[in-house]
Amino acid sequence: MPFSNSHNTLKLRFPAEDEFPDLSAHNNHMAKVLTPELYAELRAKSTPSGFTLDDVIQTGVDNPGHPYIMTVGCVAGDEESYDVFKELFDPIIEDRHGGYKPSDEHKTDLNPDNLQGGDDLDPNYVLSSRVRTGRSIRGFCLPPHCSRGERRAIEKLAVEALSSLDGDLAGRYYALKSMTEAEQQQLIDDHFLFDKPVSPLLLASGMARDWPDARGIWHNDNKTFLVWINEEDHLRVISMQKGGNMKEVFTRFCNGLTQIETLFKSKNYEFMWNPHLGYILTCPSNLGTGLRAGVHIKLPHLGKHEKFPEVLKRLRLQKRGTGGVDTAAVGGVFDVSNADRLGFSEVELVQMVVDGVKLLIEMEQRLEQGQAIDDLVPAQK
């Protein structure tokens, strides 16, 4: 769990090699980058709010790896973490985001009119479509490091801003601590609410402290636009609906997100952003757009095909189990989404998903007929 600086000072009584974590069995990005020399160089540093190197890496020390996805193994505790510990974060970001260099600049495009097609993904295969991102409010620590007071202030600010949304975005806020166990579980099962904080990544990084204090979900009346408050990020903004109309989902996402940003600005708050990293979020895997456009897609044949992982890789897509990051696929249904977050715009990422999903459906249909798919295997995007 996050420590104060007095604890860090105490640790400096021991030589760096005595404090260096045992990463010999680890398979995450942090463990690939962190050497005893780098640890020695950075361990005495801290951000203005007191976040230290050990706070950054703890989740990756406690969680050696993941069977489906190469985890990042570190978190930021505030906006300054990415700068103070850049010797660690920069190579991790480059590794995780396909060679994204410290000198590269990120691009943003939240104009849904720039998306080609996407309103006709076959609903016989695509069960639901979803676009999400995260946003952090400048001036507050991020969830691994924020205090109870900060968390409550973020909740208050967010609820005030969201209550100003109108039209088809109008809705209400449900605080986690005022929900019954059954209500909570129903929302989780329907994929509307974040899981209880059982994920070891959440626990080891300190994001689950004081749970469920100041956590909750805001959603519009027909549950197609949702905002999670104070889970892994200050805000997670989600647009979702049944079926394959990704264009509609993305349009609602862009409109809602733009309105939320305007509402925060009217209260003199802005989102953490810089030209190099785009939108700043807790996990380095979400930097840039923070955007994950995904579909729940039925691929009973392709899902078992030996070429499936390679096809996804070439399309710059990734698969998760039906229930999310820590789960397996049920009944041939996969959660397929863009693998990238940084170095591509929002529109480009959603376009990759739309185009890729169409090809996956074509392959599935071929396999249903007992035909080969070799000629459909794409080149690397």
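Glycine too: its Cβ is placed from the backbone N, Cα and C atoms.
Record features, source Swiss-Prot:
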- SER4: phosphoserine (MOD_RES)
- 11-98: domain 'Phosphagen kinase N-terminal' (DOMAIN)
- THR35: phosphothreonine (MOD_RES)
- LYS45: ubiquitin cross-link (CROSSLNK)
- VAL72, GLU232, SER285: creatine binding site (BINDING)
- 96-110: compositional bias 'Basic and acidic residues' (COMPBIAS)
- 96-123: region 'Disordered' (REGION)
- LYS101: ubiquitin cross-link (CROSSLNK)
- LYS107: ubiquitin cross-link (CROSSLNK)
- TYR125: phosphotyrosine (MOD_RES)
- 125-367: domain 'Phosphagen kinase C-terminal' (DOMAIN)
- 128-132, HIS191, ARG236, ARG292, 320-325, ASP335: ATP binding site (BINDING)
- 130-138: region 'Internal MTS-like signal' (REGION)
- SER199: phosphoserine (MOD_RES)
- TYR269: 3'-nitrotyrosine (MOD_RES)
- THR322: phosphothreonine (MOD_RES)
- LYS381: ubiquitin cross-link (CROSSLNK)
Confidence summary for the domain 'Phosphagen kinase C-terminal' (125-367), mean pLDDT rounded: 93
VAL72 (creatine binding site) and ARG130 (ATP binding site), distance between Cα atoms, whole Å: 23
Any further residue of that chain within 8 Å (Cβ to the Cβ centroid of VAL72, GLU232, SER285) of the recorded creatine site: THR71, VAL75, LEU201, LEU281, THR282, CYS283, PRO284, ASN286
Residue from VAL72, ARG132, GLU232 whose C-alpha is spatially nearest that of LYS107 (ubiquitin cross-link), among the binding-site residues: ARG132
Among ARG132, GLU232, SER285, ARG320, ASP335, which are recorded as binding-site residues, the nearest neighbour of the residue listed as 'phosphotyrosine' by Cα: ASP335
Neighbour count (Cβ, 10 Å) for SER285 (creatine binding site): 22
Distance from LYS101 (ubiquitin cross-link) back to LYS45 (ubiquitin cross-link), taken between C-alpha atoms, in Å: 23
Protein Cβ atoms within 10 Å of ARG130 (ATP binding site), excluding its own: 21
